[in-house]
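**Student:** Quick one: the structure is below, and I'll ask about it shortly.
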């Protein structure tokens, strides 16, 4: 007979019978639903890719599906993650989120600043840190490892990791002004600086941040041109029986111009961060990093020996002068500074974390520690394996330099991934400077139709709002970075210079000064003295690395 249930405890909040699943039943459902006939084709896929690339690709796809599934799981309920309306099917989730407007009138759907309630956790913040941090600078780490050697390289990487982790913790305490749980939010790095420091320090922060953006854009253009050139070399020379020692001299500037033209068009896209292909960047960076580590391991196995030395090229190269050895080692510090120069994105990531308890700063400190731990492991692995595979011949760009030739198609896939990632990252990094100049122009000339007026232009059956100032300014910016990159096509030198210029002001000085101001640290107290020593020490290291990078650029340019 039927079993009528009248006890309200027998039903869930949507009126259906109470769900009884656990993490174990959900795991069992996933495993039984996933494993199917496609498994039978995996040995063939393994035969096509080989012992190295196959597991790398499987792990890469596993990470991607795990990450996107975590994002999808957050969409099961609309609004509040614990009590919001349930979406019982995939299509229901899509309709609730994308297909129609979802007006929210419940005050619980909003945070204390009037914005929609933030839902980020320590895991989402960690994932955002990792995906935002890993970029093209990692390609120069094997060269840095070759300059410093097996002993000094890990020490320097761990030292910079410790510094960025510590100063990021100071920065996270400045997200709210006053009370750490209920004070006013500062939603961007620049808002935090303006709330804590004076006009001179705000100007220094703006100058450093936008100079860093300009330098990163130049570095991305150089790296993209090198990857295009590497693909051309393999297609035209190395795979046509000319051998790996064939000079195969192609100029790099046409490829930089090609990349620049593409960026001109991409720069005109409004609201670039909302496009689905913005998510290509993290996937591409993990792709080429995985391939780089994989082919380095394969090369070490093929060589049968770990190349390199305990003290690196900088101290063992017979042909180098003592001065050039020192310059090379200092320049390597600039490269390491570059890959850890990401403090200016941390406040924006912290602004996605749900409101206390616990305080956002506590969650962000844990997320930063985990993110730095993961990226540091990757930096050590990438630098070590590249140096172990190529030794003294390690190029400034591991995948685009003349270090690896076979399997050529795998290296080409890595370079394609680099190009796609850089095309996306260029716009993500440059968007703040675009917006800053356009806001300043609108405030300066509010009556100018050239600056403020938008024209509707029909593009592929959709309306595009064309602003003449935006079009000319962004085009001019891309052209300038492309010209500078073509004049100075020295990847690791430019990376080291940008890292040396940006690390101290953005990652050390500004966070330290904001913390001292907000927490009212007494002058000459032990904490104040320690923070000043830390700041001055990083300043001297960055100045030395900057000088070494300039010397490196001048030396190579003369050659």
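The backbone N, Cα and C atoms fix where each Cβ goes, glycine too.
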**Student:** Among the residue ranges 188-209, 210-231, 276-297, I'd like the one that TrEMBL describes as transmembrane segment.
**Tutor:** 276-297
**Student:** Looking at 252-270, 309-327, 328-346, which one does TrEMBL call transmembrane segment?
**Tutor:** 252-270
**Student:** If you count every Cβ pair below 8 Å, which range out of 150-171, 252-270, 471-491, 528-556 shares the most with the transmembrane segment (408-429)?
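**Tutor:** Stretch with maximum Cβ contacts: 252-270.
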**Student:** Looking at the stretches 252-270, 471-491, 528-556, which one shares the most CB pairs under 8 Å with the transmembrane segment (150-171)?
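**Tutor:** That would be 528-556.
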**Student:** By a Cβ-Cβ criterion of under 8 Å, what residues six or more beyond either terminus of the transmembrane segment (528-556) are in contact with it?
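**Tutor:** Tertiary neighbours of the transmembrane segment (528-556) are 163, 166-167, 324, 326-331, 333-334, 337, 488, 490, 493-494, 496-497, 499-501, 503-504, 508-509, 512, 515-516, 521-522.
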**Student:** Quickly jot the same-chain residues contacting the transmembrane segment (471-491) by Cβ under 8 Å, restricted to those at least six beyond its ends, or write none.
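**Tutor:** Tertiary neighbours of the transmembrane segment (471-491) are 139-140, 214, 217-219, 221-223, 225-226, 252-253, 256-257, 259-260, 263-264, 267-268, 396-397, 400, 430, 433-434, 437-438, 441, 552-553, 556-557.
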